[in-house]
């Protein structure tokens, strides 16, 4: 439509200028709201790739750990105190994949939180609680493996279902109490009120943690990590000594087959090796994140956002690693997966199927 002087209000140059300004101006999480957070400046192609990578991790964490839990709980051969501890660990990792990773995925890719302030706090509680629970489970599993390898014949009387239940209960209760109290009491933000106020925007969900609690978090990671490394160092020394003793005995006596004690010791060493790899994967996944948290807290939050997101997702991906480790090292787990996927566990008496090679 022409103006009074016969000219058009929108020329080609003005349209191009408007489009250029629109392209250069930052996109907001909520365009029509004041103090809206700014969206991440990723291209559509980059967003698609990130969603695929992060989404794959979440699906793998849920499906893989669900297979671990189903295998252990369904097949009677796997009903042991140690395996119940492993199933509980899988439950913690499953919950990370179910309640934490999908929402963190959207926040990481979009730079926005679309799930409300209430779930923002709850999401942070789930994040801290379930990841802490994984750490404590792995710590107790290392203690279990040490007992099993050091004295495999007495082990069944020392690590009973009651002991396993106490370990599981402690791991869950302590983690949940710690995670929820840290977030809902506001203890983590004490002394950071001005910073929190300055950074608060609509569509954001970042929990501020002061130096004291960052240091406490690091210690809560470091102490169990040192315990696990110490215990597994002892385990491998014992395993090496046992292997040397068995080799000497095999040279001295022409045995047609291994003794029962040797077979048990061999099986426990293999289990310790597999779970030791799971522990190493956990430590390697989470150590960079905790080190960065310490650096950030004491040097003024200098870590670029994309670096923080990379470290966080390396840590999250650990929740998907354990099922892959079990599938690689445990033939019984591969057989259990096949039975579950093909639906054979729905048949009568499927729980009594022999999963171990003769």
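Placed from the backbone N, Cα and C atoms, the Cβ positions cover glycine too.
As annotated by Swiss-Prot, topological domain 'Extracellular' applies to 1-47 (among others).
Counting every protein chain shown, the number of other Cβ atoms lying within 10 Å of the Cβ of residue 34 (N-linked glycosylation site) is 8. Swiss-Prot lists 34 (among others) with the feature N-linked glycosylation site, giving sequence analysis as the kind of evidence.
When secondary structure is read from DSSP and collapsed to three states, residue 37 (disulfide bond) falls in the coil class. If you look up Swiss-Prot, you'll see 37-201 (among others) marked as disulfide bond.
Residues or ranges marked as transmembrane segment in Swiss-Prot (evidence: sequence analysis): 48-68 (among others). A Cβ distance under 8 Å defines the sequence-distant neighbours of the transmembrane segment (48-68), meaning residues of its chain 6+ beyond its ends; these are 42, 86-87, 90-91, 93-94, 96-98, 101-102, 104-105, 108-109, 313, 316-317, 319-320, 322-324, 326, 333, 336-337, 340.
Here the topological domain 'Cytoplasmic' (69-83) has Cβ contacts under 8 Å with residues 90-91, 94, 141, 144, 148, 159-161, 163-164, 271, 332-333, 336-337, 340, 345, 350-356 of the same chain, all six or more residues outside its ends. Taken from Swiss-Prot, the feature topological domain 'Cytoplasmic' covers 69-83 (among others).
Among the features that Swiss-Prot reports, transmembrane segment is placed at 84-104 (among others). Long-range contacts of the transmembrane segment (84-104) within the same chain: residues 54-55, 57-62, 65-66, 68-69, 72-73, 115, 119, 123, 126-127, 130-131, 133-134, 137-138, 140-141, 144, 161, 164-165, 167-168, 171-172, 275, 312-313, 316, 318-320, 322-323, each at least 6 residues beyond the stretch ends and with a Cβ under 8 Å from a Cβ of the stretch.
Nonlocal intrachain contacts for the topological domain 'Extracellular' (105-123), taken as residues 6+ away from its ends with a CB within less than 8 angstroms of a stretch CB, comprise 29, 37-40, 42, 47, 50-51, 54-55, 58, 99, 183-184, 203-205, 309, 312-313. Taken from Swiss-Prot, the feature topological domain 'Extracellular' covers 105-123 (among others), and the record attributes it to sequence analysis.
Per Swiss-Prot, disulfide bond is recorded for 120-205 (among others), and the stated evidence type is sequence analysis. Sequence-distant neighbours of residue 120 (disulfide bond) (same chain, six or more apart, CB under 8 Å from its CB) are 113, 205, listed in sequence order.
Through the fold, the transmembrane segment (124-143) approaches residues 82, 85-86, 88-89, 92-93, 95-96, 99-100, 104, 167-168, 170-172, 174-176, 178-180, 182-184, 205, 207, 220-221, 224-225, 227-228, 231-232, 235, 275-276, 278-279, 282, 286, 315, 318-319 of its own chain, all at least 6 residues removed from its boundaries and within a Cβ separation under 8 Å. Feature annotation from Swiss-Prot assigns transmembrane segment to 124-143 (among others); the stated evidence is sequence analysis.
As annotated by Swiss-Prot, topological domain 'Cytoplasmic' applies to 144-166 (among others), with the evidence given as sequence analysis.
The feature transmembrane segment is assigned by Swiss-Prot to 167-187 (among others).
Averaged across the topological domain 'Extracellular' (188-212), pLDDT in this predicted model comes to 84. Swiss-Prot lists 188-212 (among others) with the feature topological domain 'Extracellular', giving sequence analysis as the kind of evidence.
The annotation N-linked glycosylation site is assigned in Swiss-Prot to 210 (among others). According to its DSSP assignment, residue 210 (N-linked glycosylation site) is coil. Non-local contacts of residue 210 (N-linked glycosylation site) by the CB criterion (under 8 A, 6+ apart in sequence, same chain) comprise 188, 189, 190, 191, 192, 297.
Annotation source Swiss-Prot lists transmembrane segment at 213-233 (among others), citing sequence analysis.
Swiss-Prot lists 234-274 (among others) with the feature topological domain 'Cytoplasmic'.
According to Swiss-Prot, the transmembrane segment annotation covers 275-295 (among others), on the basis of sequence analysis.
With a cut-off of 8 Å between Cβ atoms, the residues of this chain six or more beyond the transmembrane segment (310-333) that come close are 54, 57, 60-61, 64-65, 67-68, 71, 77-78, 89-90, 93-94, 96-97, 100-101, 104, 108, 131, 134, 270, 273-274, 277-278, 281-282, 285-286, 288-289, 292, 355-357.
Within its own chain, the transmembrane segment (167-187) has Cβ neighbours under 8 Å at 84-85, 88, 92, 121, 124-130, 132-133, 136-137, 140, 144, 207, 213, 220, counting only residues six or more beyond its boundaries. DSSP assigns residue 201 (disulfide bond) to coil, not to a helix or a strand. Counting residue by residue with DSSP, the topological domain 'Extracellular' (296-309) contains 8 helix, 0 strand, 6 coil.
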